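Annotated domain 'G-protein coupled receptors family 1 profile' per TrEMBL: 80-332, in sequence order. Residues or ranges marked as transmembrane segment by TrEMBL: 65-89, 101-123, 129-159, 180-204, 224-247, 276-296, 316-334.
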Amino acid sequence: MTRCPEPGREFGASVSGLTVVSPGLHLGTMDTNSTPWSPGSHPPSVHAEMVTVAPTIFPRLGYSILSFLMFINTLLTIFNNGLVITVLLRSPALLQPMTVFILSLAVSDLMIGLCGSLVVTITNYQGSFFIGHAACVFQGFAVNYFGLVSLCTLTLLAYERYNVVCKPKAGFKLSMRRSIIGLLFVWAFCLFWAVTPLFGWSSYGPEGVQTSCSLAWEERSWSNYSYLVLYTLLCFILPVAVIIYCYSKVLTSMNKLNRSVELQGGRSSQKENDHAISMVLAMIIAFFACWLPYTALSVVVVVDPELYIPPLVATMPMYFAKTSPVYNPIIYFLSNKQFRDSTLEVLSCGRYIPHGPPSISINMSTLNRRRQLTSLSRNFNTHSKVLPL
C-alpha cells in the first residue's frame, strides 16, 4: 500500500528544518534552527522522526500503454455488443429460445465495457483510481456481477447446446419459457455473489497497479477466505468443468455421426461439419484465453493466502478477462450465417442482399441419416455463441 506524506510534509516542505526525501527511502529531518555548523563543531542533529516516500507502483509509460490498450478494448466491446443487440432486436425472426442467451450475453458484455473497461481506461490515463472509494466499490461490484453473468450464461449455453446436439432421440426441444427461466436463475445467482461483499462477506477494493477495483483477494480474514473458496469453486471451477464436458460431448457426437453417414455410402456434409467443429474449438480457446489466467490466480490465492503476487501479475488476468466481450460477437458472427447476413444488412443500411445456400443432392439410401446430420449441424450453427468477463 502506497503511503502518502502527511499534511505539512509534502515533497520539499520544511518540518522544523530541512526535510530530505528520496523515493523508497526512510530519511530523517535535519534541524536547521540549531547553531550553524563550522569546522571543529558538531554537525546539526538529525531527528529520529522519519518521512516515508513509497516508490511508484508502475512506471508512467506502463500506465499509458494500459490506458491505450483498454481504450481499444472499450471501443470494440461497445461496438461489437451494441451491434449484436441491434441486430437481434431489429430481426424478430432471430429471437429464438437459444438466441435469447445471446442477447443476455451481449447485454452483460456491454455493461462490462461501460462499467469496467471504460473506467479503467480513464484511471490508467491518470495513473491512479482518482474517482473515490464509492466509485471503486461500484466498479468492483459491476465488473464482478456482469462478468459472472457472462460466464454463467456461456455455461448455460453450452449445456443447452449439448442437449440439442447430443440428445436428438430424447426429443429435447428448448422452449422460450425454459430459456427465460434459466436466464433469470443465472442473473439471480450472480447477483447473490456480487452483492454479499457489500454487506461484509468479503469486500471490494483496488487491485494490482491500483487503477481498477475488484474483490479483496489480498485480505487475510476467515470471512473473506470462506467467501473466496466458495466463489472460486461455484463461480469458476464448476462452470469451466461444465463447459469442457458439454463441448467435448458435442465434438464427439458430431464426429461419430459424420463417420456413420460415410460408412453407409452417403456423402457427409464435411464442409459444414468442419466449420461447426472449428467454431467449437474457437469458442473453447477463446474461453480459456480469457478466463483461465484469472481462474488460476484465484485458485492460487485461495490455496496459499500468504503468497505475495506482484501488482502487475495480479492485474493482467483481470485485463485478459475484460477482453472476452470483444471475442464473443466476432465468433458468433463467423459461426452463424443467418446472424451474419442480418449484421451485414444492418451495416450496409439495407443494401446487402443475402444469398441462399446452394442445394445439395444426396442418395436416397442415406436420406434419413443425412437429415439427422444436417439437423445437428444446423442446430449447432444456429445456436452458436462464443465464450469470454
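Each residue, glycine too, has its Cβ placed from N, Cα and C.
A contact between the transmembrane segment (224-247) and the transmembrane segment (65-89) is absent, since fewer than 3 of their C-beta pairs, 6 or more residues apart, lie under 8 Å. Within the chain, the transmembrane segment (316-334) has long-range Cβ neighbours (under 8 A, six or more residues past its boundaries) at 66, 69-70, 73, 76-77, 80-81, 83-84, 102, 105-106, 109-110, 112-113, 116-117, 120, 143, 147, 150, 207-208, 212, 214, 279, 282-283, 286-287, 289-291, 293-294, 296-297, 340, 343, 384-389. When averaged over the domain 'G-protein coupled receptors family 1 profile' (80-332), pLDDT in the model lands at 85. If one looks beyond the transmembrane segment (65-89) by at least 6 residues along the same chain, the residues whose Cβ comes under 8 Å of a Cβ in the stretch are 95, 99, 102-103, 106-107, 109-110, 112-114, 117-118, 120-122, 124-125, 209, 211, 319, 322-323, 325-326, 328-330, 332, 339, 342-343, 346-347.
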